[in-house]
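> This is the structure I want to talk about, given as structure tokens.
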Amino acid sequence: MQRNAVILAAGKGTRMKSNKYKVLHKVAGKSMVEHVLTNVKNAGVNQIVTIVGHGAEDVKETLGNQSLYSYQEEQLGTAHAVKMANEHLKEVEGTTLVVCGDTPLITAHTLQKLIEHHESTHAQATVLSATAQIPFGYGRIVRDEQRRLQRIVEEKDASEAQKALTEISSGIFAFDNRVLFSKLEEVKNDNAQGEYYLPDVISLILAENGVAEVYHTDDFNEIMGVNDRVMLSNAEKALQQRINIEHMRNGVTIIDPTTTFIGPDVKIGMDTIIEPGVRINGETVIGEEAVIGQYSEINNSHIGSQVDIKQSVINDSIVGDKTKVGPFAQLRPGSNLGSDVKVGNFVEVKKADLKDGAKVSHLSYIGDAEIGERTNIGCGSITVNYDGVNKFKTVVGKDAFIGCNTNLVAPVTVGDGVLIAAGSTITDNVPNESLALARARQITKEGYLKK
């Protein structure tokens, strides 16, 4: 059966008090609408239409070709928003899911269960509900004496008795697609807000003795909407807790989950230890038995097994097995460290390959370079890669020893087994098994200060 989805992402989000479009605010490193779209796709939906309004181009840039788009010029209510998808879905068969773009905690599992319940009961509409301790602001689920859905009433239209109900509508629905777009034509705006409410489609279905169902989730957090910065913070905490718990149950030790921030797409191997204050984002993959030291930050990188990282920043890089990084090192984009490499304190690496066993232990900059196996780069050594206009490459062979405070002025190639004397500035290529010394001769004038 064809499964479609409409993501509602056209609201202004004025309570966020931000120049940024509401659904583009991030939770756990990804925009809210990206979370929603990912989980909708993972629930088995074939075609997605996102309703955009304010900030439409920014949303399109974020989601790209993962979705079709319809534009809602005026925000006249949720039914009006869904109606904008007419151009893509009106003649389509199957089930259509309607999800708010500001519900980043909804899971693919719950959406899938909602769809399955809807289809198995042959319902024309199904609403996802939850029980709220404080239901203020949510539409209430009103049931009859047989516990069947009677209607959904919005907060501002509810009686005092209805406001006392604690089962609330999530704003997430599954519909028979043809029924949905047929009934949208009949929805009126005769309510306190003067808006076209999507839940009124359910009232229209029930008025004709159609089948409307409720699927209840036990996790209220899943349907949490985000309307201001306080709610954004609450969503961040809830999602981060969920992510951390999942990693811990998969065999990862997280010393202090309350100060550890891990993105939703991160993968971490068993017996890895994450110390307090760590941030791991993007599509980072970490192997087994690694130690990620406190206050480290890793973004979109591949970290091997048994790696030890201490208080360092790693971006868009690869770190091989048994390699040590830090403390206070930085791997900038394009860094590729092999196995058993050492990048020590206050070392910066950028767009460089360090082969297996290479060591850069202290206070060095290695940029646009290739460093061979087992080569040692002495303290304070620099690859001089930039002439003010262009970047040039430095190549150092295997088993070389680069003395302290050496400048390698690119483009330059240093061969295998070379020894560079400390304090040298190397501007010419050095052949294999050579000694290179490039510094001024020391002059000592004894007794000079006594004159």
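Positions of Cβ are set from backbone N, Cα and C atoms, glycine also.
A quick note: this is a predicted structure, and the numbers were derived from the prediction, not measured.
Here's the feature list from Swiss-Prot:
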REGION    1-229  region 'Pyrophosphorylase'
BINDING   8-11, K22, Q72, 77-78, G139, E154, N227, R332, K350, Y365, N376  UDP-N-acetyl-alpha-D-glucosamine binding site
BINDING   D102, N227  Mg(2+) binding site
REGION    230-250  region 'Linker'
REGION    251-451  region 'N-acetyltransferase'
ACT_SITE  H362  active site, proton acceptor
BINDING   N385, Y386, A422, R439  acetyl-CoA binding site
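Describe each of these features in terms of where it is and what it packs against.
For L8 (UDP-N-acetyl-alpha-D-glucosamine binding site), the count of additional Cβ atoms within 10 Å of its Cβ stands at 27 [all protein chains shown].
Around the Cβ of D102 (Mg(2+) binding site), the number of neighbouring Cβ atoms within 10 Å comes to 26. According to DSSP, D102 (Mg(2+) binding site) sits in a coil region rather than a helix or strand.
Residues 16, 25, 27-28, 32, 35, 104-105, 221, 224, 257, 260-264, 266, 268, 270, 274 of the same chain, all 6+ positions outside the region 'Linker' (230-250), place their C-beta atoms under 8 angstroms from a C-beta of that stretch.
Its Cβ placed at the centre, H362 (active site, proton acceptor) has 15 other Cβ atoms within 10 Å.
DSSP classifies N385 (acetyl-CoA binding site) as coil under the three-state reduction. Cβ neighbours of N385 (acetyl-CoA binding site) (same chain, under 8 Å, six or more residues apart in sequence): G367, D368, A369, K391, F392, K393, T394, A410.
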> So of K22, K350, R439, which of the binding-site residues has the fewest other Cβ atoms within 10 Å around its own Cβ?
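Looking at the binding-site residues K22, K350, R439, the Cβ with the fewest others within 10 Å is that of R439.
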> A10, A422: which of these binding-site residues has the sparsest Cβ neighbourhood within 10 Å?
A422
> Taking the Cβ of N227 (UDP-N-acetyl-alpha-D-glucosamine binding site) as centre, how many other Cβ atoms lie within 10 Å?
15
> Return the residues near N376 (UDP-N-acetyl-alpha-D-glucosamine binding site) by Cβ distance under 8 Å, restricted to its own chain and a separation of at least 6 in sequence.
A358, K359, S361, A400, F401, I402
> If you measure from the C-alpha of L8 (UDP-N-acetyl-alpha-D-glucosamine binding site), which of the recorded positions D102, H362, Y386, A422, R439 fall inside 10 Å?
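Matched recorded positions: D102, sequence order.
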> Find the shortest Cα-Cα separation between G77 (UDP-N-acetyl-alpha-D-glucosamine binding site) and the recorded positions D102, H362, Y386, A422, and name the residue that gives it.
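Of all the candidates listed, D102 is nearest in space.
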